[in-house]
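Worksheet: one structure, shown below.
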Amino acid sequence: MAKLLLLHAPHVIPRFSSSSRSLVSAAALYRRPLLVNPQFSHIGPRLRSPYNRRFSARAFDDSPASSTEMEKEKQEQLLDGVSGKKDEDYPTGEMEYENRNAWEIFVVKLRMLFAYPWQRVRKGSVLTMTLRGQISDQLKSRFNSGLSLPQLSENFVKAAYDPRIAGVYLHIDPLSCGWGKVEELRRHILDFKKSGKFIVGYISICGLKEFYLGCACNELYAPPSAYSFLYGLTVQASFLGGVFEKVGIEPQVQRIGKYKSAGDQLSRKNISEENYEMLSVLLDNIYANWLDGVSDSTGKKREDVENFINQGVYEIEKLKEEGLIKDIRYDDEVIAMLKERLGVEKDKKLPTVDYKKYSGVKKWTLGLSGGRDQIAIIRAGGSISRVKGPLSTPGSAIIAEQLIEKIRSVRESKKFKAAIIRIDSPGGDALASDLMWREIKLLAETKPVIASMSDVAASGGYYMAMAANTIVAENLTLTGSIGVVTARFTLAKLYEKIGFNKETISRGKYAELLGAEERPFKPEEAELFEKSAQHAYQLFRDKAALSRSMPVDKMEEVAQGRVWTGRDAHSRGLVDALGGLSRAIAIAKQKANIPLNKKVTLVELSRPSTSLPDILSGIGSSVIGVDRTLKGLLDELTITEGVQARMDGIMFQQLGRDSLATPIIDLLKDYLSSLR
């Protein structure tokens, strides 16, 4: 499903009755003065912060330049990004496995001897982990179910150095996370192999994401009955224009930017040329990255991998014949093979430790604790809102007031040498995004701030990131999405069909701009609606240009609501470097003048809550608060206050997957999600 709701005014719903929610107020969100050279407040107005990005003078120069100069500048920006640095100028953050000396080995053994019973692991154990479904970018407590990318990543690192761990047995089930997290996991699999220990993968439903991870293992196995869905990638776009027409609802959509497709879902019956172009480029990037990765891992030519996909192979035996998997075996047969490899007797059980228990093993026990210098990690995942709502659960959304509190604590603390803002968000409330942008910008005046993007950091998510000194994204992170769309529903025909009538009494020329859904816009209202949207877009675009030290006309070329992959965003100056969290940490050390080979302590400020209310929040809303939950859900679906800076989900599907889903369910789900 492809809907790009990037930066827009509220979907205007009939229950809006007050002109105080008018889109005109959007301009007020951006009236804060833009700081060209933020300064240290305690030093003086003329001394610039050493942590700020260099601003190009041409960003504020309207004088004409020769075509040769402009072309040269364009090429330099495309190659080097706006920061004046090439990707290779930043440290890679690549893991280098280091063998330990005798003293270090002795200390680790001594610590393991005195470890708590629940942190002890039998020597020669195999770490077993199952990758399945959603993978959160947030830390999870022992009371939370589901997988956490930070804890998965840490487990790979710990297992590489843990003398008690002989190897990893990785079950890979269908995944629902984005390609950014898949890239991060694949990187950790490849890094783990540097330790010389084995990592064996097992896959029963072979989709593109699952195989992309599995082929990075030393060996990959599958049962005889495994499903193969290596058919390719698809992206789908649904449109409600025909549905609304039949029921008598007329969406009045104002779209700013030729790639703005969020309004298309409400008003069109088919895909626009611009939306088709954008989605095709995204699809090409993802598919090309997949082919390159599989080719590197299997040692096969890229053309051969693509030809195999185009054969429409569904038999798992074909994967073995082509050397894409090691062998066809059941799970118990793989375990028997591992027992034989580790010298475990046939009648004995293979010593294993699972993901949950191993997550409790402390890095200190393994001699992996950091140094004295500390770097703060602030995680921001989910849709953006200003305050905590009745349905909010810890870690499920970015609550501006909570995140701002964390950012300020880092700014006011002298113990942190740098900060990393880890973003996994399609955006949300524009005011909240701007307030967080301001706080991140203030933090960047006092110490280095690195933005690290996960699956998606678009629209409001990108808004936050552009306040950082350096932006790091995965190759397939979805980012950018700088644009505006506003929409209001006119229900006159629907009211007529059902015999409903509504009369509005107002004071003020534009009081009914968003409140009188029983009639279309008057000419002067339509004009104001358009002007306010144009103004909101220009302010967003100009702030992005300023933050990226880019001329406004240059930013206009890459804005217009277009979503980019991290790789394309990097070549166009929206991103500084490509990589995961490890690279963001290395860049933070470099910016803070910490030697790259020196250990640092990473302090997670978004640690999961273990308070009883938070533990019970998930079951409380579904067991003892059903009526309140449903009421809150309906309120959220029908009332949206303020301008939104949101990119609605782009879902890339593999053919043959989600076979039980129906178009009607998808349509309704998409429509409801667009109203959030």
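Cβ atoms here come from the backbone N, Cα and C positions, even for glycine.
As recorded in TrEMBL:
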REGION    60-93  region 'Disordered'
COMPBIAS  69-89  compositional bias 'Basic and acidic residues'
DOMAIN    196-344  domain 'Peptidase S49'
ACT_SITE  LYS260  active site, proton donor/acceptor
DOMAIN    443-594  domain 'Peptidase S49'
ACT_SITE  SER459  active site, nucleophile
Fill in the CA-CA distance, LYS260 (active site, proton donor/acceptor) to SER459 (active site, nucleophile), as an integer in Å. 12
Within 10 Å, the Cβ with the most other Cβ atoms among the active-site residues LYS260, SER459 is that of SER459
Across the domain 'Peptidase S49' (196-344), DSSP yields 72 helix, 26 strand, 51 coil
Per-region confidence, the domain 'Peptidase S49' (196-344) (mean pLDDT, whole number): 92
